[in-house]
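**Student:** There's a structure below that I have some questions on.
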Number of protein chains: 2
Amino acid sequence: MTARRLSGKPVADEIRAKTAHMVENLNRDGFKAKVAVLLATKNEATAWYVRSIERAAAQQGVECQVLQMPEAGQDQLVAAITALNEDKSVHGIILQTPLPEGVDTAALVQLIDPAKDIDGANPLSLGRLSVGQPAFAPATARSVVEILEHYRIPIAGQHVAVVGRSAVVGKPLAQLLLQRDATVSICHSRTAQLADFTRPAAITVMAVGRANLLTSQEVADSSVVIDVGTNVDEAGQLVGDVHAASVQPKVRALSPVPGGVGTVTTALLIWHTVQAAAKVCESIMWRGEPMTTCR
Amino acid sequence: MTARRLSGKPVADEIRAKTAHMVENLNRDGFKAKVAVLLATKNEATAWYVRSIERAAAQQGVECQVLQMPEAGQDQLVAAITALNEDKSVHGIILQTPLPEGVDTAALVQLIDPAKDIDGANPLSLGRLSVGQPAFAPATARSVVEILEHYRIPIAGQHVAVVGRSAVVGKPLAQLLLQRDATVSICHSRTAQLADFTRPAAITVMAVGRANLLTSQEVADSSVVIDVGTNVDEAGQLVGDVHAASVQPKVRALSPVPGGVGTVTTALLIWHTVQAAAKVCESIMWRGEPMTTCR
């Protein structure tokens, strides 16, 4: 026996289809969705990632404006975010990390208008999510839920072990799962016996960033395992937090790395942008104003 | 054998002593801490609670201004919160619930300046807490941690079952415990088998508001149990979420109801107010301005 492969491709395809449908509606109303990416690093891996966002936007007829600001200081970044908040033609803002040294990231993300915070970077978004108010979750956290829901894996009433407590994955994911009535155990590097949580769990999500941490020892036959890790091993290969060779033959289902969660995140960023745009569009129509007021 | 009684009184006493010391320092600098309570209900139980805050403030030499606004509407409450945010003599703001029917509580709490949000009502406070930025937690959630720390009950590396996922207790408490390196399981009404989590847990916190829910069946001999519940039973008595008669003879330690968590919260609200005032005081001194600039 081998685990069912929870590929990200059909999940992303489904999101792209929803997005396309909504873009069509928006265009019919003379409305164009737009995402802005603040890029303040010359890091090549980051530039590659931002190009993948640009490509995804272009494919869906969504505008993508990349603001190249390498070595920008705090004041310039504050000004840039403030301008994007005020720019009615921009519906989504991504403040791409890493930021230049010496920049106060916490102060910057808190400036992002929650209505445009399509990657859930502002702690207000996380707080709103936690108390059940409308907010965008970080795309990676949200991708995990999209995969589970696409493959009809029950969440309500299930025990989910979330391994990792980062602000971008573990913590917002725990909130998304609680919203869906899961019982959530949040584990991390200080958890004494990981297996005490992952073995009884119906679903285990690995999001710690340690290559091959989860082995067949820590999972049950009935486990569904979602791998959020993206690590580069000694051979230069992209590997997850799950030791796939040992886990795959044992468990019920496993999302691969690459080809799993990572495949979904970019599609979600564009989907969030289009959702944010639709909300603006709705409120303009509600007020009976012409669409041109938003440009 | 019977459980060690984790009384709230010495915990509150310790907090009051810290508060008194800080008030003394503030007064020496010609500075007076002040908390404002917005009271928009005529509910007698609520009025009683607010009087207990007034008394606690008075005992510590902290000003307490209660704004009686029964039946106030949204606009009046928005105006009141905005004025308190701007009032430099006010360091802590409590928007007391329940609010009049028809009022949008979510919109109101989001207005409270996080620096004055001493009961952690603004979701931004919860978000900031979650990502490890300075913020006040709701006093009840914080009380649980104060009790554990006062009685030197280890948290780091321990499994804590938090039963309840409210925005005022369960969710912020989970964040406070994660900060302290606990492995946290968040359980609730949809958790299939509560005992699966509470029996193996080193610490169980009950915060669901269901009288006598936790019995000896769901705990181990080694359990430490904190009872946040305040329910009124058929005989009109205040009882917790823990069936104390069956749990007390079995477990290692138990916080009583009444006399446990509830005893600590008011002291914490005043402590938070004084902390907020001290921060303002510090920044004034830092800028080299006279203390009178803050009145």
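Glycine residues also receive a Cβ, built from the backbone N, Cα and C atoms like all the rest.
Grabbed the feature section from TrEMBL, which reads as follows:
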type    : residues                               : note
BINDING : A:GLY164, A:ARG165, A:SER166, A:THR230 : NADP(+) binding site
DOMAIN  : A:6-119                                : domain 'Tetrahydrofolate dehydrogenase/cyclohydrolase catalytic'
DOMAIN  : A:138-279                              : domain 'Tetrahydrofolate dehydrogenase/cyclohydrolase NAD(P)-binding'
**Student:** Check each of A:GLY164, A:ARG165, A:SER166, A:THR230 (the binding-site residues) against chain B and write down, in sequence order, those whose C-beta lies under 8 A from a C-beta there; write 'none' if there are none.
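**Tutor:** Listed binding-site residues meeting the cut-off: A:ARG165.
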**Student:** For the NADP(+) binding site, please report the maximum Cα-Cα distance among A:GLY164, A:ARG165, A:SER166, A:THR230 in Å.
**Tutor:** 16
**Student:** Can you tell which of A:GLY164, A:THR230 has the most other C-beta atoms within 10 Å, given these are the binding-site residues?
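**Tutor:** The residue with the densest Cβ neighbourhood is A:GLY164.
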**Student:** By Cβ count within 10 Å, point out the most packed of the binding-site residues listed: A:ARG165, A:SER166.
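**Tutor:** Selected residue: A:ARG165.
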**Student:** In the domain 'Tetrahydrofolate dehydrogenase/cyclohydrolase catalytic' (A:6-119), how many residues does DSSP assign to helix, to strand and to coil?
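**Tutor:** Result for the domain 'Tetrahydrofolate dehydrogenase/cyclohydrolase catalytic' (A:6-119), in helix, strand, coil order: 57 helix, 17 strand, 40 coil.
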